[in-house]
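What Swiss-Prot says about this one:
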type: ACT_SITE; residues: Ser126; note: active site, nucleophile
type: ACT_SITE; residues: His185; note: active site
type: TRANSMEM; residues: 16-36; note: transmembrane segment
type: TRANSMEM; residues: 60-80; note: transmembrane segment
type: TRANSMEM; residues: 92-112; note: transmembrane segment
type: TRANSMEM; residues: 118-138; note: transmembrane segment
type: TRANSMEM; residues: 164-184; note: transmembrane segment
type: TRANSMEM; residues: 192-212; note: transmembrane segment
Amino acid sequence: MIAPQRMLMPEGRPPAGLTTGLLIFLTFLFGISQLYEDFKNHFVLTPNSLFDIDLGKLSLYPLMHLSYLHLVFNALAIVGPLNNFESSHGTIHTGVVLNLSAVIAGIIYCVVSRLLSLETGVAGASGWVFTFITYLCVKESQLYPRLELSRFIPGVTQSIPTQFTPVVFLLFTAIVFFQSSFLGHTAGMIVGYIMGYGETWFNILIPPAWIIEKIEEKADPLINLIPFGIKFYRSTEINTDDGYRSFFPGQEVLPTTTPGNVLGTA
């Protein structure tokens, strides 16, 4: 069976600062949207947002949720993968990746929607969920090319290619949550594959480590205000030689830094 503690608290480390703060912020924004109905309109990404130069929505749309269940499901789904990513890449680095992944997925959504003459708007962090789950599955596939379904469903002996697990998750989500945005989820998944397989390309878009370290130095007074029990992962604390560690129990480490570096550390 999957080990939730591996994802929620990798190697026993405390909850990550950005992940924890993001969950609080998502809840806060949802609360405001319940008080002011028009508030959510400033976040919802429509197919015309890109072409109307309404660029703020390209990065803001994952922050707004349209219902309580929408918020709860996305919060539960994002906390594990994002906490895992942040603890192995650094807090500021993860913030940059969150923004970049939202923008790239948003552009994909707007362009494809325009080509298909779609007019439906999207909002919510589910695109991020697919991005980070896909990234983890790509890395997991380097340890185990096939995923045994018995880890999730006792008695089932079938297996599927690990790197294609997000596709199965995408189809499952489309069936169970039939009102969700299939295109939005697909765009998020595509970004996850880009991150997993195209790290060299993605590195170009991420500030080098020395810039992130400078930002951390300037933000040090604020970092020190983070409550006890929640950790801000500094770039200098990230060991790029550790490689990827499986979130399944009792599995060994496979270095993922040969050749090159951990995503965004070049």
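Cβ atoms here come from the backbone N, Cα and C positions, even for glycine.
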Non-local Cβ contacts of the residue listed as 'active site' (under 8 Å, 6 or more apart, same chain)? Ser126, Gly127, Phe130, Leu170, Thr173, Ala174
In the same chain, residues at least 6 away from the ends of the transmembrane segment (164-184) whose Cβ sits under 8 Å of its Cβ atoms read 73, 105, 109, 112-113, 118, 120, 122, 126-127, 130, 133-134, 137, 147, 192-193
Counting Cβ pairs closer than 8 Å to the transmembrane segment (192-212), the top stretch among 16-36, 60-80, 118-138 is 118-138
Enter the number of other CB atoms within 10 angstroms of the CB of Ser126 (active site, nucleophile). 23
